[in-house]
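Asks: Shown below is the structure under consideration.
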Amino acid sequence: MKKPRLLLTLAFLPVWVVVFSQSSQVVVQAPKPWVEAVAFDPAATPPAGQERSAYYLLLDEQENFQTQESFGHYAYKILTSEGLQEMSDLSFSFDPAYEQLILHTLRIHRNGQVIDRMPKTFQTIQREQSMDRYIYDGALTTVVNLSDVRVGDVIEYSLTRKGCNPVHCNNIDRRISLNYNVGVAKCFQRIALPAFRKVEIKNNNTGQKPVITEADGTRTYTWIAENTPPVVPDDNVPGWYNPYQVVQLSGFADWTAVGRWASRLFTVSESDKKALYKAAQEQFPGGTDEEYTQKVIRFVQDEVRYLGFETGLNTHQPYPPMTVFTRRFGDCKDKSLLLVTLLAARGIEAHPVLVNTELRGHVREQLLPSAYAFDHCVVEIQLGGKRFYIDPTRSGQGGRLKGQYFPAFGEGLVLNEQGGAFTLFGTADEASIAEIHTYTLPAVGGEATLEITTIYRGAEADFARSQFSGNSLEEIQKNYLKFYGNQYPSIERVGSVNYTDNREENFLTVKEQYRIAEFWKTAADDADLFHCEFSAQSLEQYLNVGKFAQRTAPYALNYPTHYSHTMNIQLPEEWNIANDRVEIDHPEYNFFHATKYAENTLTLTTYYTTLQPDIAATDYERFIKDHQQMAENMSYTLTYNKHVFSTAARTWPELLVALLALGGGIVLVIWLYYRYDPKPAYSTEYAEQISGWLVLLSIGLIISPFTLLNDMWEQRELMSGQLPMSLFAIGRPGLAIFLIVMQVYSIVQVLFLILVIVLFFQRRSSTPRIASIFYGVTCLVVIVNTVVAHALAEDGAAETDNSGELIRAIIAAAVWIPYLNISDHVKRTFVFTRRKYDFETPTDTTELSMPDEPTSDEVVVRAEDPDATQA
């Protein structure tokens, strides 16, 4: 659904611009009597937290359906120098084919004075902003550059656009916005309609009803919204999701009525039919109906280029098919009607189908019957008792009629003689990529060869075909080499990239060969320690997602995705590799990864599939965790250590270290429990229970032993005596000593945590300091452990990602250490001691409160039109 936004300045985009002089379509007049005057407060300021470069004081929009006039009255205050830059130039667009632009007022309010800034002449330009999409609409833009604008000024202007697109003049079909992506002090929306016209009203995200008045055969609907805060939507939302408050008005009785209106626009004259039928017989002779259909589809897709001149009637009405056939270009509706007419020449039934590429399967759910509900046109073909759907704008498409890819549009309105009826398209056809990487490693420490075979099917084959037809082979080879060079800097291409295109079956195969000279890496201080890395680089774009899980909107997925990635690694000798597999299966996506070793060959297989176009906000946290787990399986490291012990067992030094750590830890814990007994800030007479934030701390302490023991179990190999002994043997005493220290720390940490828990629930006065020491030391150790973890991974001792643990440790230390040492509630709770102390009566009972969360920054928006595109 299109989102309501405000636009005021010219878009800084490469557009086609033609400058005109003073235009007869731009005049300066007073507003018509039907316009209701709406006042605003020039002294109003934005509420706290809504400050930005400018603040809208008034957004006043009124329409008179019978006179075909749309009035707009706007006022905003410049708050910063950025607002001065962005909001001092005004632009007003209109279609000269049927509209006239009438300016009423242009003023600056400054220090209680009102300064008239209406220019005597105007500069009008033609800016084709959709030129990069091969769409020309012929709209003009009148530009006013205000001079001497200052911070604190209020800019006020009003205008009327008179006229309507002939294709819509009799349609009551409006969308009214009540909030925007910027805050608005006052929003006034009014529309005057003939009293005899029946209108349906639908509210989206609002329960506000209009004020309805009736006089002189006119029924007026009015909505007023004041001090509306800005809408700050989540990122990457599906096109159907609308977080804004929108009111829809429709004069269409149902979708069939919309179909009848649209069907009249898709009629073909008899002369055009005869001429086109004759041309079709000459250009596409003979063959079966299916062969003929395939020929005309390829003709319309490949030989009639996509280009649209969408002015006036032709915003919705296609050009005559014979015209499109002759000039060999047209937009989606032009190409669709041409295809339908060419098929009718052979007696094959076909119909245009209107679709919405954003709402997809949510059109009827989100919208009232509307002529603006659709933004694309495709074709339904009935042949051999079956229905096929074709997008005539997809050039270079492969596959036969039964296998051509059709996007997941969800539903569409089929236009026929009776009007129109919705049809469901079902799930998207298959679009898949399969990569097979074969590594050959002749010897440890030597070079490697890499052969890659990639098979594209369905829409992926269409896209790959477009890439090869639109770029030179040299460009493609360079891009491929650069992509793999990010992982293997010494990679070299062997021969040329080869591809074969089976367009009939719609699959395209690409083959590549490379040599990697410096494939094996060695440790900086030991030439006998080798490692090499493998990763599924192509899958990273699908699996790398942000870690911030808080959102209220659904999250759009890359749908449909069917990706398989296989790495066959031929090793020079036997390796000790355990088979493994990871499966993640949910209704929206699934993932499979397998590690398999047999006969000196390691095979890493990965499948990733998206099954739905989006995921609910409530499942987004699970989505993030799953994709982080998937990403962890995308890389694999092989290590080779000539000195490693294959059967190193636990030795008496390891046992001695463990016993010493255990004994020392027990002595320390007992001493702290019995001897460390500081005087509390308050006596037990004023003791408070564990409550408030301390409840959260208690939950964390209760859970901590289980998570700690689980971490120790998962890192049992790293914490065993085998690795330190191996490191000593190969001359790496630094890492060996570090691991021994970590083993000692792990034992003492468990004992110390037990002490903290006991003291906490006994509410001993020593709890805040001992708990602070626990959190501080834990944070410090995790930081040190993170620094050396990479070195351990390179040696094959561990493959660890400590980022999550590090973040948790830092947050815990940053939150609980200050709280335990500052909070008055903590001081009143932990007051019990083993010895007795004398106290004075306290005079201060103020309790520390936790700070509120900060508000997020606002997004700077240039504004004028509520329906303009958000940056």
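The backbone N, Cα and C atoms fix where each Cβ goes, and this holds for glycine too.
These figures come from a predicted structure and were not determined experimentally.
As annotated in TrEMBL:
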SIGNAL    1-21  signal peptide
DOMAIN    67-231  domain 'DUF3857'
DOMAIN    287-386  domain 'Transglutaminase-like'
TRANSMEM  655-674  transmembrane segment
TRANSMEM  686-709  transmembrane segment
TRANSMEM  735-761  transmembrane segment
TRANSMEM  773-793  transmembrane segment
TRANSMEM  805-822  transmembrane segment
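How buried are the listed features, and what sits near them?
Replies: In the predicted model, residues of the domain 'DUF3857' (67-231) average a pLDDT of 90.
Secondary structure of the domain 'Transglutaminase-like' (287-386), assigned with DSSP and counted as helix (H, G, I), strand (E, B) and coil, comes to 46 helix, 22 strand, 32 coil.
Sequence-distant contacts of the transmembrane segment (686-709) (same chain, six or more residues past either end, CB-CB distance under 8 Å): 749-750, 753-754, 756-757, 760-761, 763, 812, 816, 819, 823, 825-826, 828-829, 831-832, 842, 850.
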Asks: Same-chain Cβ contacts of the transmembrane segment (805-822) under 8 Å, 6 or more residues past its ends?
Replies: 693, 697, 700, 711, 767-769, 771-772, 775-776, 778-779, 782-783, 786, 848
